[in-house]
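Only one structure is covered here, and it is reproduced in the block below.
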Amino acid sequence: MRDKKVEKLIKSEEKRQAKGLELIPSENYVSEDVLKANGSVFTNKYSEGYPGRRYYGGQDFTDAVERLAIERACKLFKCKYANVQPHSGAPANLAVYAALLSPGDTVLGMDLSHGGHLTHGHPMTLPAKIYKFVNYKMKNPDTGEIDYENLRKIALEHKPKIILAGFSAYSRSLNYKKFVEIAREVGAVTMADMAHIAGLIAAGVLRNPFDDGFDIITSTTHKTLRGPRGGIILTREDEEIAKKIDKSIFPGIQGGPHMHTIAAKAVAFGEAMTPKYKAYAKQILKNAKAMAEVFKKNNIRMIGGGTDNHLILVDVFGSLGVTGKEAQTALDEVGITLNMNSIAGDTRKPLDPSGIRFGTPAITTRGFKEKECAYVAELMITVLKNKDDKKIKEAVHKEIKKLAKKFPIPKKFV
Ligand code: DSN
(Lines of atoms letter the chains of each structure in order from A; the text may use other names.)
(Lines give C-alpha, C1' and ligand atoms only; values in the text may rest on other atoms or scores of the structure.)
Protein backbone atom coordinates (compact mmCIF):
# COMPACT_ATOMS: atom_id res chain seq x y z
CA MET A 1 0.00 0.00 0.00
CA ARG A 2 1.20 3.56 -0.72
CA ASP A 3 -0.56 4.99 2.32
CA LYS A 4 1.85 3.76 4.95
CA LYS A 5 -0.14 5.19 7.84
CA VAL A 6 -3.27 3.21 6.99
CA GLU A 7 -1.23 0.16 6.02
CA LYS A 8 0.40 0.18 9.45
CA LEU A 9 -2.99 0.34 11.16
CA ILE A 10 -4.31 -2.55 9.06
CA LYS A 11 -1.24 -4.63 9.89
CA SER A 12 -1.61 -3.82 13.59
CA GLU A 13 -5.26 -4.91 13.54
CA GLU A 14 -4.25 -8.09 11.71
CA LYS A 15 -1.74 -8.81 14.48
CA ARG A 16 -4.26 -8.04 17.22
CA GLN A 17 -6.74 -10.47 15.69
CA ALA A 18 -4.10 -13.17 15.24
CA LYS A 19 -2.61 -12.94 18.73
CA GLY A 20 -5.76 -12.73 20.82
CA LEU A 21 -8.91 -14.78 21.16
CA GLU A 22 -12.13 -13.24 19.86
CA LEU A 23 -15.09 -14.08 22.06
CA ILE A 24 -17.42 -11.25 21.05
CA PRO A 25 -20.37 -13.38 19.90
CA SER A 26 -21.27 -11.07 17.02
CA GLU A 27 -17.80 -11.16 15.46
CA ASN A 28 -16.11 -13.67 13.21
CA TYR A 29 -13.35 -14.08 10.62
CA VAL A 30 -14.22 -14.13 6.92
CA SER A 31 -12.56 -16.30 4.29
CA GLU A 32 -10.08 -14.78 1.87
CA ASP A 33 -12.70 -15.21 -0.87
CA VAL A 34 -15.20 -13.05 1.04
CA LEU A 35 -12.43 -10.54 1.69
CA LYS A 36 -11.47 -10.51 -1.98
CA ALA A 37 -15.04 -9.92 -3.15
CA ASN A 38 -15.47 -7.20 -0.54
CA GLY A 39 -12.32 -5.47 -1.75
CA SER A 40 -13.21 -5.88 -5.45
CA VAL A 41 -13.84 -3.33 -8.21
CA PHE A 42 -17.60 -3.58 -7.57
CA THR A 43 -16.87 -0.84 -5.04
CA ASN A 44 -16.50 1.55 -8.01
CA LYS A 45 -20.03 1.05 -9.26
CA TYR A 46 -23.29 2.89 -8.65
CA SER A 47 -26.40 0.80 -9.18
CA GLU A 48 -29.46 2.40 -7.61
CA GLY A 49 -32.49 0.23 -8.22
CA TYR A 50 -32.75 -3.53 -8.52
CA PRO A 51 -31.53 -6.05 -11.13
CA GLY A 52 -33.04 -5.15 -14.51
CA ARG A 53 -34.40 -1.83 -13.16
CA ARG A 54 -31.40 0.45 -12.50
CA TYR A 55 -30.93 4.18 -12.84
CA TYR A 56 -27.36 3.98 -14.18
CA GLY A 57 -25.78 2.21 -17.16
CA GLY A 58 -23.15 -0.52 -17.10
CA GLN A 59 -25.06 -2.96 -14.94
CA ASP A 60 -24.39 -6.33 -16.64
CA PHE A 61 -22.29 -7.69 -13.82
CA THR A 62 -23.89 -5.90 -10.88
CA ASP A 63 -27.25 -7.34 -11.96
CA ALA A 64 -25.75 -10.81 -12.23
CA VAL A 65 -24.01 -10.67 -8.85
CA GLU A 66 -27.07 -9.29 -7.04
CA ARG A 67 -29.29 -11.95 -8.65
CA LEU A 68 -26.83 -14.61 -7.51
CA ALA A 69 -26.83 -13.28 -3.93
CA ILE A 70 -30.67 -13.22 -3.91
CA GLU A 71 -30.94 -16.73 -5.32
CA ARG A 72 -28.48 -18.11 -2.78
CA ALA A 73 -30.11 -16.28 0.16
CA CYS A 74 -33.54 -17.67 -0.78
CA LYS A 75 -32.19 -21.21 -1.08
CA LEU A 76 -30.26 -20.98 2.16
CA PHE A 77 -33.13 -19.66 4.25
CA LYS A 78 -36.01 -21.38 2.41
CA CYS A 79 -37.95 -18.31 1.32
CA LYS A 80 -39.25 -16.71 -1.88
CA TYR A 81 -37.88 -13.17 -1.64
CA ALA A 82 -34.65 -11.60 -0.47
CA ASN A 83 -33.41 -8.05 -0.42
CA VAL A 84 -29.63 -8.15 -0.15
CA GLN A 85 -29.03 -4.38 -0.20
CA PRO A 86 -29.33 -3.33 3.49
CA HIS A 87 -26.06 -1.83 4.63
CA SER A 88 -26.48 -3.58 7.96
CA GLY A 89 -28.97 -4.83 10.56
CA ALA A 90 -30.23 -1.46 11.79
CA PRO A 91 -31.25 -0.20 8.32
CA ALA A 92 -32.76 -3.62 7.59
CA ASN A 93 -34.99 -3.33 10.64
CA LEU A 94 -35.85 0.30 9.93
CA ALA A 95 -36.75 -0.62 6.34
CA VAL A 96 -39.23 -3.26 7.52
CA TYR A 97 -40.85 -0.83 9.96
CA ALA A 98 -41.07 1.86 7.27
CA ALA A 99 -42.49 -0.63 4.76
CA LEU A 100 -45.31 -1.88 6.97
CA LEU A 101 -46.10 0.83 9.51
CA SER A 102 -47.46 4.35 9.63
CA PRO A 103 -46.01 6.76 12.19
CA GLY A 104 -47.47 5.97 15.59
CA ASP A 105 -48.13 2.28 14.84
CA THR A 106 -47.05 -0.27 17.42
CA VAL A 107 -44.32 -2.93 17.38
CA LEU A 108 -44.01 -5.57 20.08
CA GLY A 109 -40.37 -6.54 20.64
CA MET A 110 -38.07 -7.99 23.28
CA ASP A 111 -36.91 -5.68 26.07
CA LEU A 112 -33.28 -4.58 25.61
CA SER A 113 -32.19 -5.61 29.10
CA HIS A 114 -33.79 -9.04 28.57
CA GLY A 115 -31.77 -9.64 25.40
CA GLY A 116 -33.47 -7.54 22.70
CA HIS A 117 -31.64 -5.10 20.43
CA LEU A 118 -31.49 -1.30 20.40
CA THR A 119 -33.42 -1.26 17.12
CA HIS A 120 -36.29 -3.10 18.79
CA GLY A 121 -37.45 0.08 20.44
CA HIS A 122 -34.80 1.78 22.57
CA PRO A 123 -36.01 5.36 23.14
CA MET A 124 -32.74 6.83 21.77
CA THR A 125 -33.26 5.27 18.31
CA LEU A 126 -34.99 6.82 15.31
CA PRO A 127 -37.59 4.02 14.99
CA ALA A 128 -38.68 4.67 18.58
CA LYS A 129 -39.23 8.33 17.75
CA ILE A 130 -41.51 7.39 14.83
CA TYR A 131 -43.30 4.26 16.03
CA LYS A 132 -44.53 3.01 19.36
CA PHE A 133 -42.68 0.07 20.85
CA VAL A 134 -43.95 -2.14 23.64
CA ASN A 135 -41.76 -4.85 25.13
CA TYR A 136 -42.03 -8.39 26.37
CA LYS A 137 -39.60 -10.00 28.80
CA MET A 138 -38.39 -13.31 30.18
CA LYS A 139 -40.55 -14.93 32.81
CA ASN A 140 -37.52 -16.11 34.70
CA PRO A 141 -33.99 -14.88 33.88
CA ASP A 142 -32.54 -18.01 35.45
CA THR A 143 -34.19 -20.27 32.87
CA GLY A 144 -34.54 -17.74 30.07
CA GLU A 145 -38.13 -18.77 29.39
CA ILE A 146 -40.08 -15.99 27.69
CA ASP A 147 -43.29 -14.93 29.40
CA TYR A 148 -45.58 -15.92 26.52
CA GLU A 149 -48.74 -15.41 28.57
CA ASN A 150 -47.81 -11.82 29.21
CA LEU A 151 -46.64 -11.41 25.62
CA ARG A 152 -50.15 -12.39 24.49
CA LYS A 153 -51.71 -10.06 27.04
CA ILE A 154 -49.62 -7.12 25.80
CA ALA A 155 -50.41 -8.02 22.18
CA LEU A 156 -54.17 -8.10 22.87
CA GLU A 157 -53.96 -4.79 24.69
CA HIS A 158 -51.72 -2.87 22.26
CA LYS A 159 -52.67 -4.51 18.96
CA PRO A 160 -49.17 -4.26 17.42
CA LYS A 161 -48.83 -4.27 13.63
CA ILE A 162 -45.55 -6.18 13.94
CA ILE A 163 -44.54 -8.79 16.49
CA LEU A 164 -40.78 -9.05 16.56
CA ALA A 165 -38.81 -12.06 17.77
CA GLY A 166 -35.07 -11.79 18.01
CA PHE A 167 -32.22 -10.71 20.20
CA SER A 168 -28.60 -9.82 20.58
CA ALA A 169 -28.03 -11.06 24.12
CA TYR A 170 -30.27 -14.07 24.70
CA SER A 171 -28.95 -17.59 24.94
CA ARG A 172 -32.07 -19.73 24.73
CA SER A 173 -34.38 -20.83 21.91
CA LEU A 174 -37.56 -18.95 21.12
CA ASN A 175 -40.88 -20.70 20.58
CA TYR A 176 -41.63 -19.29 17.14
CA LYS A 177 -44.95 -21.13 16.92
CA LYS A 178 -46.23 -19.23 19.94
CA PHE A 179 -45.24 -15.90 18.33
CA VAL A 180 -47.09 -16.84 15.14
CA GLU A 181 -50.20 -17.97 17.06
CA ILE A 182 -50.36 -14.69 19.00
CA ALA A 183 -49.65 -12.59 15.90
CA ARG A 184 -52.46 -14.31 13.99
CA GLU A 185 -54.82 -13.68 16.90
CA VAL A 186 -54.15 -9.93 16.78
CA GLY A 187 -53.57 -9.60 13.02
CA ALA A 188 -49.87 -8.71 13.28
CA VAL A 189 -47.06 -9.47 10.86
CA THR A 190 -44.28 -11.65 12.34
CA MET A 191 -40.71 -10.50 11.98
CA ALA A 192 -37.63 -12.34 13.27
CA ASP A 193 -34.36 -10.46 13.73
CA MET A 194 -31.98 -13.39 13.57
CA ALA A 195 -28.76 -11.40 13.16
CA HIS A 196 -26.93 -13.42 15.80
CA ILE A 197 -28.06 -16.87 14.78
CA ALA A 198 -28.49 -16.59 10.99
CA GLY A 199 -25.58 -18.91 10.32
CA LEU A 200 -26.94 -21.51 12.72
CA ILE A 201 -30.34 -21.35 11.01
CA ALA A 202 -28.78 -21.51 7.56
CA ALA A 203 -26.90 -24.65 8.58
CA GLY A 204 -30.08 -26.19 10.00
CA VAL A 205 -28.71 -26.58 13.52
CA LEU A 206 -31.23 -24.07 14.93
CA ARG A 207 -34.87 -23.80 13.94
CA ASN A 208 -35.81 -21.59 10.99
CA PRO A 209 -38.63 -19.17 11.98
CA PHE A 210 -40.01 -19.54 8.42
CA ASP A 211 -40.74 -23.21 9.17
CA ASP A 212 -43.14 -22.03 11.87
CA GLY A 213 -44.83 -19.49 9.61
CA PHE A 214 -42.88 -16.27 10.24
CA ASP A 215 -43.45 -13.66 7.52
CA ILE A 216 -40.15 -11.75 7.56
CA ILE A 217 -36.59 -12.33 8.71
CA THR A 218 -33.96 -9.61 9.01
CA SER A 219 -30.33 -10.29 9.66
CA THR A 220 -26.80 -9.06 9.46
CA THR A 221 -24.46 -11.11 7.33
CA HIS A 222 -21.26 -10.88 9.35
CA LYS A 223 -21.88 -12.77 12.57
CA THR A 224 -22.37 -16.56 12.63
CA LEU A 225 -23.07 -16.30 8.89
CA ARG A 226 -19.41 -15.38 8.41
CA GLY A 227 -19.89 -12.92 5.57
CA PRO A 228 -19.05 -9.25 5.07
CA ARG A 229 -20.53 -6.55 7.31
CA GLY A 230 -23.99 -6.11 5.86
CA GLY A 231 -27.69 -6.87 6.15
CA ILE A 232 -30.49 -8.82 4.45
CA ILE A 233 -34.28 -8.89 4.57
CA LEU A 234 -36.05 -12.14 3.70
CA THR A 235 -39.76 -12.59 3.02
CA ARG A 236 -41.20 -16.09 3.20
CA GLU A 237 -43.87 -15.89 0.50
CA ASP A 238 -45.90 -12.65 0.50
CA GLU A 239 -45.08 -10.76 -2.70
CA GLU A 240 -46.84 -7.59 -1.55
CA ILE A 241 -44.70 -7.43 1.60
CA ALA A 242 -41.54 -8.11 -0.42
CA LYS A 243 -42.38 -5.30 -2.87
CA LYS A 244 -43.00 -2.86 -0.03
CA ILE A 245 -39.66 -3.83 1.55
CA ASP A 246 -37.78 -3.29 -1.73
CA LYS A 247 -39.26 0.20 -2.04
CA SER A 248 -38.52 0.89 1.58
CA ILE A 249 -34.81 0.06 1.16
CA PHE A 250 -34.53 1.93 -2.14
CA PRO A 251 -35.50 4.72 -2.56
CA GLY A 252 -36.91 4.77 1.00
CA ILE A 253 -33.89 4.81 3.25
CA GLN A 254 -30.82 3.92 1.17
CA GLY A 255 -29.22 5.18 -2.02
CA GLY A 256 -26.77 3.12 -4.05
CA PRO A 257 -26.27 -0.44 -2.87
CA HIS A 258 -22.74 -1.49 -1.97
CA MET A 259 -22.17 -3.95 -4.78
CA HIS A 260 -18.78 -5.09 -3.46
CA THR A 261 -20.51 -6.10 -0.23
CA ILE A 262 -23.30 -7.81 -2.15
CA ALA A 263 -20.67 -9.79 -4.09
CA ALA A 264 -19.10 -10.78 -0.76
CA LYS A 265 -22.53 -11.74 0.61
CA ALA A 266 -22.99 -14.04 -2.41
CA VAL A 267 -19.66 -15.71 -1.63
CA ALA A 268 -20.56 -16.14 2.06
CA PHE A 269 -23.99 -17.60 1.20
CA GLY A 270 -22.24 -20.06 -1.12
CA GLU A 271 -19.86 -21.08 1.65
CA ALA A 272 -22.76 -21.50 4.07
CA MET A 273 -24.32 -24.12 1.77
CA THR A 274 -21.43 -26.54 2.15
CA PRO A 275 -21.22 -29.60 4.45
CA LYS A 276 -18.11 -28.03 6.02
CA TYR A 277 -20.16 -25.06 7.10
CA LYS A 278 -22.80 -27.31 8.65
CA ALA A 279 -20.08 -29.04 10.66
CA TYR A 280 -18.78 -25.62 11.71
CA ALA A 281 -22.24 -24.54 12.91
CA LYS A 282 -22.68 -27.77 14.89
CA GLN A 283 -19.31 -27.21 16.54
CA ILE A 284 -20.25 -23.63 17.53
CA LEU A 285 -23.10 -25.05 19.61
CA LYS A 286 -21.00 -27.83 21.16
CA ASN A 287 -18.29 -25.33 22.06
CA ALA A 288 -20.71 -22.90 23.69
CA LYS A 289 -22.18 -25.73 25.76
CA ALA A 290 -18.69 -26.81 26.84
CA MET A 291 -17.94 -23.27 28.06
CA ALA A 292 -21.30 -22.97 29.83
CA GLU A 293 -20.65 -26.25 31.61
CA VAL A 294 -17.47 -24.83 33.17
CA PHE A 295 -19.26 -21.71 34.42
CA LYS A 296 -22.03 -23.89 35.81
CA LYS A 297 -19.55 -26.14 37.64
CA ASN A 298 -18.03 -23.04 39.20
CA ASN A 299 -21.45 -21.86 40.38
CA ILE A 300 -21.27 -18.72 38.29
CA ARG A 301 -24.68 -17.42 37.32
CA MET A 302 -25.59 -17.44 33.64
CA ILE A 303 -28.66 -15.60 32.46
CA GLY A 304 -30.90 -18.29 31.02
CA GLY A 305 -29.05 -20.88 33.07
CA GLY A 306 -26.90 -21.98 30.11
CA THR A 307 -27.09 -21.79 26.34
CA ASP A 308 -28.91 -23.26 23.33
CA ASN A 309 -27.00 -21.16 20.84
CA HIS A 310 -23.57 -19.59 20.37
CA LEU A 311 -23.58 -17.12 23.27
CA ILE A 312 -23.41 -16.97 27.03
CA LEU A 313 -24.37 -14.11 29.30
CA VAL A 314 -22.77 -14.21 32.74
CA ASP A 315 -23.71 -12.21 35.83
CA VAL A 316 -20.14 -11.48 36.92
CA PHE A 317 -21.14 -8.83 39.43
CA GLY A 318 -23.74 -10.99 41.19
CA SER A 319 -21.51 -14.08 41.19
CA LEU A 320 -18.02 -12.68 41.75
CA GLY A 321 -18.43 -9.04 42.73
CA VAL A 322 -16.58 -8.00 39.56
CA THR A 323 -18.34 -5.42 37.37
CA GLY A 324 -18.85 -6.01 33.66
CA LYS A 325 -16.37 -3.29 32.80
CA GLU A 326 -13.74 -4.63 35.19
CA ALA A 327 -14.20 -8.11 33.74
CA GLN A 328 -13.94 -6.84 30.16
CA THR A 329 -10.75 -4.91 30.97
CA ALA A 330 -9.08 -7.74 32.89
CA LEU A 331 -9.84 -10.21 30.09
CA ASP A 332 -8.66 -7.74 27.45
CA GLU A 333 -5.34 -7.60 29.29
CA VAL A 334 -4.86 -11.34 28.82
CA GLY A 335 -5.82 -11.33 25.13
CA ILE A 336 -9.49 -12.31 25.40
CA THR A 337 -11.93 -9.90 23.78
CA LEU A 338 -15.58 -9.89 24.84
CA ASN A 339 -18.09 -7.26 25.88
CA MET A 340 -19.71 -6.05 29.07
CA ASN A 341 -23.47 -6.35 28.93
CA SER A 342 -26.52 -5.38 30.96
CA ILE A 343 -28.52 -8.26 32.39
CA ALA A 344 -32.23 -8.56 33.18
CA GLY A 345 -33.09 -6.40 36.17
CA ASP A 346 -29.63 -4.81 36.17
CA THR A 347 -29.24 -2.08 38.78
CA ARG A 348 -25.91 -0.95 37.30
CA LYS A 349 -25.40 1.50 34.41
CA PRO A 350 -24.92 0.26 30.78
CA LEU A 351 -21.32 1.56 30.73
CA ASP A 352 -20.44 -0.57 33.74
CA PRO A 353 -23.15 -3.22 33.95
CA SER A 354 -23.34 -6.49 35.88
CA GLY A 355 -22.73 -8.86 33.00
CA ILE A 356 -20.38 -9.99 30.28
CA ARG A 357 -21.43 -11.54 26.98
CA PHE A 358 -19.28 -13.92 24.98
CA GLY A 359 -19.60 -16.64 22.38
CA THR A 360 -17.92 -19.21 20.20
CA PRO A 361 -18.37 -18.33 16.47
CA ALA A 362 -14.87 -16.87 15.99
CA ILE A 363 -12.86 -19.38 18.03
CA THR A 364 -14.74 -22.20 16.31
CA THR A 365 -13.66 -20.75 12.96
CA ARG A 366 -10.09 -21.08 14.27
CA GLY A 367 -10.66 -24.78 14.91
CA PHE A 368 -11.30 -24.82 18.67
CA LYS A 369 -13.18 -27.86 19.92
CA GLU A 370 -14.87 -28.52 23.28
CA LYS A 371 -11.55 -29.23 25.04
CA GLU A 372 -9.96 -25.90 24.15
CA CYS A 373 -13.20 -24.01 24.82
CA ALA A 374 -13.54 -25.51 28.29
CA TYR A 375 -9.91 -24.57 28.95
CA VAL A 376 -10.53 -20.98 27.84
CA ALA A 377 -13.54 -20.84 30.20
CA GLU A 378 -11.31 -22.05 33.06
CA LEU A 379 -8.75 -19.38 32.21
CA MET A 380 -11.47 -16.73 32.11
CA ILE A 381 -12.66 -17.70 35.57
CA THR A 382 -9.09 -17.62 36.89
CA VAL A 383 -8.74 -14.06 35.62
CA LEU A 384 -12.14 -13.00 36.95
CA LYS A 385 -11.27 -14.33 40.38
CA ASN A 386 -7.81 -12.71 40.33
CA LYS A 387 -8.38 -9.58 38.31
CA ASP A 388 -5.78 -7.56 40.24
CA ASP A 389 -3.08 -10.23 40.33
CA LYS A 390 -0.49 -9.30 37.71
CA LYS A 391 1.41 -12.59 37.89
CA ILE A 392 -1.65 -14.75 37.39
CA LYS A 393 -2.78 -12.57 34.51
CA GLU A 394 0.64 -12.81 32.85
CA ALA A 395 0.54 -16.61 33.12
CA VAL A 396 -2.95 -16.70 31.58
CA HIS A 397 -1.87 -14.34 28.81
CA LYS A 398 0.94 -16.76 27.92
CA GLU A 399 -1.56 -19.61 27.63
CA ILE A 400 -3.86 -17.51 25.44
CA LYS A 401 -0.95 -16.61 23.14
CA LYS A 402 -0.02 -20.29 22.89
CA LEU A 403 -3.59 -21.21 21.92
CA ALA A 404 -3.75 -18.40 19.38
CA LYS A 405 -0.51 -19.61 17.82
CA LYS A 406 -1.65 -23.22 17.73
CA PHE A 407 -4.94 -22.24 16.03
CA PRO A 408 -4.15 -19.58 13.40
CA ILE A 409 -7.01 -17.75 11.67
CA PRO A 410 -7.76 -19.84 8.56
CA LYS A 411 -8.00 -18.27 5.11
CA LYS A 412 -10.01 -20.92 3.29
CA PHE A 413 -13.23 -22.50 4.56
CA VAL A 414 -14.32 -24.65 1.60
N1 DSN B 1 -23.65 -4.92 17.77
C2 DSN B 1 -24.28 -6.20 17.59
C3 DSN B 1 -23.95 -7.14 18.69
O4 DSN B 1 -22.83 -7.13 19.15
O5 DSN B 1 -24.79 -7.94 19.10
C6 DSN B 1 -25.74 -6.11 17.40
O7 DSN B 1 -26.04 -5.07 16.55
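These residue numbers are counts, starting from 1, taken along the chain as shown.
Just so it is clear, glycine is given a Cβ too, placed from its N, Cα and C backbone atoms.
Just so it is clear, the model here is predicted, and its values are computed rather than measured.
Residues or ranges marked as domain 'Serine hydroxymethyltransferase-like' in TrEMBL: 2-379.
Under DSSP, Leu118 ((6S)-5,6,7,8-tetrahydrofolate binding site) is assigned to a helix (H, G or I) in the three-state scheme. Positions annotated as (6S)-5,6,7,8-tetrahydrofolate binding site by TrEMBL: Leu112, Gly116, His117, Leu118, Glu239.
Other C-beta atoms found within 10 angstroms of the C-beta of His222 (site 'Plays an important role in substrate specificity') number 26, with every protein chain shown included. If you look up TrEMBL, you'll see His222 marked as site 'Plays an important role in substrate specificity'.
Taken from TrEMBL, the feature N6-(pyridoxal phosphate)lysine covers Lys223. According to DSSP, Lys223 (N6-(pyridoxal phosphate)lysine) is assigned to coil rather than to any helix or strand. Every protein chain considered, the tally of other Cβ atoms within 10 Å of the Cβ of Lys223 (N6-(pyridoxal phosphate)lysine) stands at 28.
A Cβ distance below 6 Å to any atom of ligand 1 is met by none of the recorded positions Leu112, Gly116, Leu118, His222, Lys223, Glu239.
Between the two most distant C-alpha atoms of the annotated (6S)-5,6,7,8-tetrahydrofolate binders (Leu112, Gly116, His117, Leu118, Glu239) there are 31 Å. Mean pLDDT of the predicted structure over the domain 'Serine hydroxymethyltransferase-like' (2-379): 98.
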